[in-house]
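Asks: Below you will find the structure I want to go over with you.
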Amino acid sequence: MLARAIRMRLLVRGLATGAAVTRSRHAPSAILQYFDEMRMARHLGRYNGTATVSVMVQAKRHCSSKRDDSDDEVTAEPPPDVMPEPDTQLPATVAVPDVWPHVPMLAMRRNPLFPRFMKIVEVSNPVLMDLLRRKVKLNQPYVGVFLKKNDGEDELVHNLDDVYGIGTFAQIQELQDLGDKLRMVVVAHRRIRITGQVIEDVPPPKPVKMTTLHYPLFNIKLRIPAEDQGEQMPRPRGRPPRNRVPRRQIGRDGITRDPAVEAEELVQQQTHEAPLTSGVVSNTTATESPLARKQGDKSPSEDTAKASDNDTAADGKKSVKGIPVLIVEVENVKHPTYKQTEEVKALTQEIIKTLRDIITMNPLYSRGRHSRESLQQMLHQNQRVVDNPIYLCDLGASLSAAEPAELQKILEEADIPQRLLLALALLKKELELSKLQQKIGREVEEKVKQQHRKYILQEQLKVIKKELGIEKDDKDAIGEKYREKLKDKTVPESIMTVIDEELTKLNFLESHSSEFNVTRNYLDWLTSLPWGVISPENLCLEKATEILNNDHYGMEDIKKRILEFIAVSSLKGTTQGKILCFHGPPGVGKTSIARSIARALNREYFRFSVGGMTDVAEIKGHRRTYVGAMPGKLIQCLKKTKTENPLVLIDEVDKIGKGYQGDPSSALLELLDPEQNANFLDHYLDVPVDLSRVLFICTANVIDTIPEPLRDRMELIEMSGYVAEEKVAISRQYLIPQAMNDCGLKETQISITEDALNMLIRSYCRESGVRNLQKHIEKVIRKVAFRLVKKEGEQFDVNAENLTTFLGKQIFSSDRMYANTPVGVVMGLAWTAMGGSSLYIETSKRNIRSEKPEPGTGALHLTGNLGDVMKESAQIALTVARNFLHHREPNNTFLEQEHIHLHVPEGATPKDGPSAGITIITALISLATGKPVRQDVAMTGEVSLKSKVLPVGGIKEKAIAARRSGVTCLILPVDNKKDFEELPNFITDGLEVHFAGTYDDVYKIAFSDTATTASSSTGPPGQPQETVEKIPSAATAKSPTYS
C-alpha cells in the first residue's frame, strides 16, 4: 500500500508538469488545488496518499473530453472543494468502489434520489446517527437511499417490505453534526437492489482513560481523555498547527486530523490487519469496532431458533421481526444493452426539446441567468449528456414534480426505451403545468400592474390638483361636503352653531385618531337630517277616500278620523302631528291601514316595533362616549324618510317591556306628547329636534297593559273584529284575487261559491281577524294549482261539499255545547283579545245523597281556571241569588243549605272579569228552582250586591259571537244601549235585544216561554223600579242565521 501511494504521488507530479493540462479549462483549478495540498504536506513533512489519488482522479476527469461507458452510473463532476464551517465534518475523499455489498439504509419519504444527483438529508434518529458517525470515521461514507412506500415520519424501517427494492448507492459528500441531528450532502452513483438485511453486533464501549494536565503559569489543572493529550500539548513554533490544512478529515479516533498523517497511519495499520473475504466484514477484523455480519452466516442452530421471526417478501428479501433495518445487503443493478435506434434518438430529442421548454417557461429554472445558461449548455448537442439516454431519463425525472410512485417506476425500469417513454410522459405533464402556471402568473401580474398603475396615477393626480389649488386637503374637503349638504336646508341657528364648532374641532384632530371618526360620524348625522324639509301633503278628501276604500273594507271610524284630519289641515293651511292608537284583535288590519293612511296623505311611511323592547337607547339614542353609539329610532326615521312630516307607526305598543336599561314606555311620553316633541332631545345628537309635524299611529291588541300616562296622550280608536258578512266581502274583493295572482291562476280556472266561503268562515276561521282566513284561502288555491299542473282538470269549482277535500276535517263544529240547555246551565258572552266568544256557566249540586241538609251550611265551589275578579263576581252572584230567591220563593232554602259546584268549561283557558255576574245568578236560580232558561237566550252584564246590572265592554264582539252561536235573544245592561245602537245593521238584524237595569228584568226574560215587552215588576224590598226595553228586529227572517 505504501509503494502504491508513492507511485501515485510520482504520477501526479509528472502530470502537473505535462502539457496535457491545457486541454481543459477546469484543469488549472484542479492542479492548483493539488499543489496547495502538496505544499501543506511538505510543511508537515508527510504526504497523504489518499488525497493524492483523489486529486489525480479529479484532474484526469477535468482534462479528458472523451466519453467513457463506465461514466453512465458515476457521479457528475465534483464541485470544487470549499472550506467547511467549524462544525462541518468532511469525510476523506476516496475512490467510489464498484462493489459495496453492505450499506446503511436511508429511507426517503417523498422523492427517490437518482444517480449523478445530490441531495441534502437530515437524520435525527439516535441509532441511525451513531451508525453513520461510525461509518464516516472508518472512511466508509456510503449509504443506500431507498424510497418508502408510505409517508410516515419514522426514519427507521422495521420491515423491508416498507421500502421499494431498488434505490441508489450514494456517497456522503459532506456531513454536519448538529448534536441532535446530522445534516448530510449525499451524491448518488448507481442503482442498487436490496437482497437482504444485515444485523450488526455492537460490542460494549471501551472505558475512557483520563489524564490531568497542569499549567503552573496559570495555576490551572485540566482533566482530559488520554487520547486528546497529544492534541493539547504545545507544538514547536517552526511547525504550523494541524488544523490549518485546507482539507479536514475525521480520523479513526474521532479527532479532526491532518489527511497526510491519517493516510500514513492507515497504510501502516493495513499491513497488520487481517484480509477481508468476499466483501463481507469478518468478526475478527480490527479495523471496524462495530462488527457486521450477514444473516446467512449464522450457525444452523441460530437459524433454526429464529426461523419463526423471519418475514420473506415476494421478491426474496428477508427481514427480522422486531429489529429495525439499519444495514442491508445490496447488489448493483445492471442495465441491459440497447441500440441507438431511431426510436431512441427520437425519444431523446423530444425529451431534450421538452426540457428546454420547461427551462424556458418555469421561473424556478429561468430566474437566475447562471442556472439557465448551465442547463442550456448541459443540453447542447455537443455535450455527452445528449448521447447518454440513461442520465437523460434521470435528469428529466429529477426536474419533474410527479408522484413518488411514478418517479420510482422510472428508477426501477430496466428497459431504456421504456424508461425514456416514462420520463417523456412526466416531462410533458410538467410542461403543461408550467404553461398553466405561466398563464396564471401573467393574469395576476397584469391585474396587479393595472391596479398599481391606477394607484400611481391617482396619487399623481392628487399631487397635481393640490399644486394647482384645484383640490384641497381631506379635512377641507370633508368640511366642504358637509356645508354642501346643508346648502338647501333651513337649519336653526343653534344647530348651525354646533355644526361650526364640530367642524373647527375636526380640523385640529388627526385623521387616524378615534376622536376624529367620532366627530365625523356625529357631523354625518347632523347634516343628514331634513332640517326644514317638508313633503307636500294631499289635502283632497275625494282622493284620500278613494285610496282608503280601495285598500280596506269597512273601518269606517278610522276612515272618518283621517278625513277629519285632512279637512282640518285644509282649513288651517298647515298640518300638525297627531297621536292615534288603533286597538283591536289580531288580523283586523291595524298595521296595513297605517300604510294606506300614509299613501292617502302623501306622507313617507316608517314603522318600528316596540314589542319586547327593554332598552331606552332604542328610542332616545346612545351617548356619544360609547363605542358604536348611534341615534334612536326617531332620528333614524328622519334620516331615512328625508322629511320632517312622515307617518311613523309604533307597532305593538301594548307589549313594550321594561328592563335594567330603563323603561321605554316612559321614554315614549316625551315622544308622544304634543307639547314636548317639538323639542325632542336625542342622547346622541344632544340638540333639540322638532317632531311636531310627525303623525304618530300606535297599534295595540288591548289597552289595559298600556301605562295610563301613555294612554292619556293618545287618541284611542277601536277596531273590532269582522262578522261573517264582512269576511265574505273581504275575501271576494281582496283575499281571493291576491291569492290567485300569487299562485298564477286565472278566474276561468277556479271558482269559489258563496256556500264554500260561509262554511270556511264558520267551520275553519271563526277568529275576529282575517289573517287565518287568508291562509286557508291560499291553501285552497295552492291545491287547485297543483291539480292543474298534474292535468287532473282545466277548471275547478270549490263548494261546501268538496271543501273538506282541500282543507281537511272541520275545526269547529258548533259554538253551542248543548242543543237544549238543561237546568242550571246558562250561555254567557265573553270578550278576548281574539274577539268575542260564547261562554257557558254550569252549576250542579254536590251532596247528592244528603237528605236533610242543615240550614246555613250551603257553600259554593268554583272550577274552570277562574281569575280573582271572576271568583269575587261568583260570590256576589250567590249572595244576590239567595236574596232574590228568598223574596220570590220564601220556602226555597236550596241555596242556603246545599253545596253547589260552579264550573266554566274549557278549563285550560284562563277566564277573568265581572261581566258574567247576571249569567251566574241565572244559573244558580235555575238550579234552585229546577227551571231551565230559554234555549235561544245569551246574556252579559256585571251585577252589584243590590242586584243592579252594570255596563260592560266589547258589545260588538259579544254580539258577533251571539250571532255566530245561533242566539236570537240577547240581554245587555241598559247602559250599553248606546254602544249597541252604533252597531251596523248586518250585526243587529235578527237579534231580539233586551236592556235590563236590575236582575228582576233579567229573570222575567230568561225564564219566560216567550219574550215580553217592557213591564214593571216588584223586586226585592228597597230596589228601584227599572224598565226593560225590547228592540224589535228589522226584517227578522231576511238575514242568514248561523248555527
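All positions are counted from 1 along the displayed chain.
A Cβ is built for glycine as well, from the same backbone N, Cα and C atoms used for every other residue.
As annotated by TrEMBL, ATP binding site applies to GLY584, PRO585, PRO586, GLY587, VAL588, GLY589, LYS590, THR591. Residues or ranges marked as compositional bias 'Basic residues' in TrEMBL: 236-249. Positions annotated as compositional bias 'Basic and acidic residues' by TrEMBL: 250-260, 294-317. Residues or ranges marked as domain 'Lon N-terminal' by TrEMBL: 103-431.
Show me how these features fit into the structure around them.
Replies: Neighbour count (other Cβ atoms within 10 Å of the Cβ, all protein chains): 26 for LYS590 (ATP binding site).
Averaged over the domain 'Lon N-terminal' (103-431), the predicted model has a pLDDT of 69.
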Asks: Pick the one among the binding-site residues PRO585, PRO586, GLY587, GLY589 whose Cβ has the fewest other Cβ atoms within 10 Å in this structure.
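Replies: With the binding-site residues PRO585, PRO586, GLY587, GLY589, fewest surrounding Cβ atoms within 10 Å: PRO586.
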Asks: Using the Cβ center of GLY584, PRO585, PRO586, GLY587, VAL588, GLY589, LYS590, THR591 as the ATP site position, which other residues in that chain lie within 8 Å, going by their Cβ?
Replies: PHE582, THR699, ASN701, MET719, SER768, GLY769, ARG771
Asks: With every protein chain in view, what's the tally of Cβ atoms within 10 Å of the Cβ of VAL588 (ATP binding site), excluding that atom itself?
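Replies: There are 26 such Cβ atoms around VAL588 (ATP binding site).
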Asks: Which residue, of the binding-site residues GLY584, THR591, has its CB surrounded by the fewest other CB atoms within 10 A?
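Replies: Counting other Cβ atoms within 10 Å of each of the binding-site residues GLY584, THR591 gives the minimum at THR591.
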